[in-house]
Each structure stands twice: as C-alpha cells, then as structure tokens.
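Straight from Swiss-Prot, the features:
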- Ser25, Ile27, Gln48, Lys52, Asp73, Tyr187, Lys191, Val220, Thr222: NADP(+) binding site (BINDING)
- Ser173: active site, proton donor (ACT_SITE)
- Tyr187: active site, proton acceptor (ACT_SITE)
- Lys191: active site, lowers pKa of active site Tyr (ACT_SITE)
Amino acid sequence: MEALNTNVDLAGLEGRSVLVTGGASGIGLATAKAWAAAGAYVTLADIQPIEKGEKIASDLSHNGQHVNYTFCDVTSWESQLEAFRSAVKFSPRQTLDIVATFAGTAFAPGNEVDHVLFAGEPSLDAELPAPNTKNIEVNLTGVYYSSWLALYFFRLKPSDSSEPGDKSLILVSSIGGYMDSPKASTYPASKFGVRGLFRSTRARTIDIGVRCNLLAPWFVDTPLIAPVKNAMKARGIEMSKVLAFATMEDCVQAASFCAVNKELHGRALAIQPEGTFDLKDDVEDGWAGDQLRPIMKRRREAGFDA
C-alpha cells in the first residue's frame, strides 16, 4: 500500500474564501496558517475565548495575511450561521469557497456498558441523569451543521459577477471512524457518523459543483488528546513510547491536497505516521477494508491496543 504524494502548489488558494471550524487551535490552526500564508481569506471559527482568537487573527494579519476570527460554538446552529455569515462578509467577493470541519472534542473514555453498570442496579425509581453525549454533539451534530451551511453558502454568486470557481468541503473524521474501540462509545459513534455523512453526501455534492472529501487522522500530538495522554500516564504508560503519532505537517498537507486538487472528490484519506493513504472507502474497494487491515496491523505491531 503506497502513500499518496500530497504535495500541492497552494498558489490556487490566493484570494479564495475559507472557513475553518476549530481554526484557532491544533490542526485547524496549523491548516489555517498555511492557507492564509498562501493568500486565502481565512475565517477562524472557534470556541476559544474571543481575546485569544482575535489576537491570533491580528498577529497573522500584521504579517500581511487576511485572517478573521469569529467565536463559534459548533453545537449551536445560530452560532454557526453567524460564523458562516462572517466568513462571507470577510471575502472580497462576498462568497465562500472552502470549508474544513476541524472543530472537535476529546476522546471520552468508557464503553456504554461501563457507564450503564456504573449507574447501579436497575430500578424503576432510580433518578438517572442523561449520559454525556458531548462527543456526538460536537463531532457529529456540529459537523452536520457545518456541512449543511457550507453547501448552502457555496451556492452564493460572487459579488463581482465572476465565475464561482472550485468549491471544496473537507469533512474531518478520524481513523476511529473505521476501527472498533471497545474502550469508548460516544467518540467512535461520532466519527463513524461523520463517515456516514461523507458517504451519503459525496454522492450528490458534485451535482452542485462541490467536491467532498474526508480526513481520517491517526493520533496527532495536539491539546485535544491531552485527556488520553493523562489517562495513560495515570496507568504508568507514556503515550509517546507506545504510540507513534501522525504529524501535523501531514495533516496540513492532506487538507491542502483536498482544498486545491480539482480532480479529488469522494476520497477518504487516512493520515498515518507513515504518510497519507487513500482508504478507498467505496463499494468497488470493499468499503476501506482492504486498506484498513495493513494500517491496523502496523499500529498493533507498534504497540497500539484499542
């Protein structure tokens, strides 16, 4: 299985209007910086405190780049709607060209069965609090809202009457959307959900001139995985010693590959420590099974235990 060459010329991003959810931290911020450096008009839509987000945007803008920050809680439809409006208004052509859905929340440990057993013996009189579904609210509902709004605003006609140009929707799932994970339930459920959204939506987006691709990163050393690192450390395990990370650079390159490659549509890209691979998540290639087996074999040989 050969890694893809995801090196692309980012010159095609100049003047393009971009919205990145989760754009003020982690992979989202790294991607946004690369795209802004290439001349794109980038809106960072993030739940980071307004002062922090605006400082990031200001620092980048002082370098001659075009960066806009808007506070955005992706679980709120109204908040996302305002973020998308902000991105369109920030664009010189009053339009939107690329959306990448990097906003996400950390892996919530615990299988559903574990949580049910923790609730104690069943009783009709028990006061049962609702389970924590934040992973699903942020990682799936949030992505669905972003995808919906992207497809809506992509259809705006440019204010200067020019051609709309290429449109790219980049859905961010995880390799956790492709493998069993008995140690958790809500996180893989959310990431499998994004995969399902991708597989249904890609069949139609091309009808309205939108390319749709998916990113499925392996673990990347960002603040988002801090809870997992801490949980492993509490068990006496140093995460970096038993788990090879995918690189931030490979994630940014894969996102950029999706953003500017006008021939790329309907592909799911696994970002691994060894590089980026087309999972071939389609009926012709066994819904990624043939690609996933060697990937997971390498991870288990490297010490990963799902």
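The backbone N, Cα and C atoms fix where each Cβ goes, and this holds for glycine too.
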Lowest local Cβ density among Ser173, Thr222, which the record lists as recorded positions, within 10 Å: Thr222
Structural state of Asp73 (NADP(+) binding site), classified by DSSP into three states: coil
The residue listed as 'active site, proton acceptor' versus Ser25 (NADP(+) binding site) - Cα distance in angstrom: 20
Maximal Cα-Cα distance (Å) across residues annotated as binding NADP(+), namely Ser25, Ile27, Gln48, Lys52, Asp73, Tyr187, Lys191, Val220, Thr222: 28
Cβ contacts of Lys191 (NADP(+) binding site) (under 8 Å, same chain, 6 or more positions away): Asn139, Leu140, Ser173, Ser174, Gly176, Gly177
Other CB atoms, at most 10 A from the CB of Ser25 (NADP(+) binding site): 21
Rounded distance in angstrom between the Cα atoms of Asp73 (NADP(+) binding site) and Tyr187 (active site, proton acceptor): 18
Integer Cα-Cα distance in angstrom, Tyr187 (active site, proton acceptor) to Thr222 (NADP(+) binding site): 17
